[in-house]
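Novice: For reference, the structure I am asking about is given below.
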Amino acid sequence: MALLELERISAQYPGASTPVLADINLSLGPRQLLVALGPSGSGKTSLLNLIAGFVAPSGGHITLDGVPVQGPGAERGVVFQDDALLPWQNVLGNVAFGLELAGVPRAQREAKAREMLTLVDLDGFGERRIWQLSGGQKQRVGLARALAADPRVLLMDEPFGALDAFTREQMQELLLQVWQRTAKPVFLITHDIEEAVFLASELVLLAPNPGRVVERLQLNFGQRYAAGESARAIKSDPAFIETREHVLARVFSQRQSLQERA
């Protein structure tokens with residue numbers, strides 16, 4: 001049974017001649033890690049913003065647990081590419097910030113924040129200031145903050161796009177560990193093909209102008225990592241390489257088609 005449902009979603013900016021998104025149908029079920037991948041102009045971020053409730057669709061319906069999404073809500077935790085952390089708060093204060101706004105007593109919210117810091121391998125970092133953290137550590141704090149409110153769904157907007165290659169791989173592996181431990185459904189958007197293939201239990205390929213779904217792939221590479229197989233072994237598996245090359249060819253053909261129409 002799906003927790004999150006998108007039915008015939010369309011989106012168009014005022015004054016634009018072409019919709020950003022057209023006829024998008026998606027569902028996110030329990031323990032699923034759904035990744036949306038596509039070139040620039042395919043509407044990835046617009047799609048996440050619709051699910052988060054930051055903007056309303058031009059057409060169609062979005063429901064979470066059968067309830068229409070009509071704005072932002074604590075049941076949807078969001079992790080952004082830019083860490084969006086509060087520089088005047090320490091790490092613990094950042095993770096606990098949403099709980100503070102919700103009126104959770106201090107002792108309870110700090111205990112929850114420390115629990116989430118342990119989950120993302122930042123034990124002992126609670127008193128550090130944001131400027132003392134590396135890029136990867138900031139993203140761990142952002143992930144811990146999103147999880148602290150115990151959302152029904154975790155939304156991730158190209159969360160590792162600004163990180164160096166080594167840190168990006170570390171964060172991908174951490175996300176799979178957190179996903180396995182918490183059983184939270186995740187909707188993640190990315191432009192990184194290898195990342196998408198490695199993480200996704202379902203991979204949705206988007207084409208641009210207007211953004212639309214052109215292919216869906218059911219994958220298990222992330223589940224294999226979560227079950228204990230090494231990332232290196234998975235990424236050298238011929239099945240992984242074949243899938244990555246197939247997705248690369250599809251994305252390349254979309255970009256080429258877009259250039260020919262320009």
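Heads up, the Cβ atoms here are built off N, Cα and C, so glycines get one too.
Below, the features straight out of Swiss-Prot:
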- GLY38, PRO39, SER40, GLY41, SER42, GLY43, LYS44, THR45: ATP binding site (BINDING)
- 4-233: domain 'ABC transporter' (DOMAIN)
Novice: At a 10 Å cut-off from the C-beta of GLY41 (ATP binding site), count the other C-beta atoms across all protein chains.
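Specialist: Other Cβ atoms within 10 Å of GLY41 (ATP binding site): 17.
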Novice: Please list, in sequence order, every residue of the chain apart from GLY38, PRO39, SER40, GLY41, SER42, GLY43, LYS44, THR45 whose Cβ lies within 8 Å of the Cβ centroid of the ATP site.
Specialist: HIS191, LEU206, PRO208, GLY211
Novice: Give me the long-range Cβ neighbours of LYS44 (ATP binding site): same chain, 6+ apart, Cβ under 8 Å, in sequence order.
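Specialist: Spatial neighbours, sequence-distant, of LYS44 (ATP binding site): ALA36, LEU37, GLY38, GLU158, ILE189, THR190, HIS191, LEU206, GLY211.
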Novice: Looking only at the domain 'ABC transporter' (4-233), what is the mean pLDDT?
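Specialist: Mean per-residue confidence for the domain 'ABC transporter' (4-233): 94 out of 100.
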Novice: Taking 10 A as the limit, how many CB atoms besides its own sit near the CB of PRO39 (ATP binding site)?
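Specialist: Summing over all protein chains shown, PRO39 (ATP binding site) has 18 other Cβ atoms within 10 Å.
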Novice: Within 10 Å of the Cβ of GLY38 (ATP binding site), how many other Cβ atoms can you find? Include all protein chains, please.
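Specialist: GLY38 (ATP binding site) is surrounded by 26 other Cβ atoms within 10 Å.
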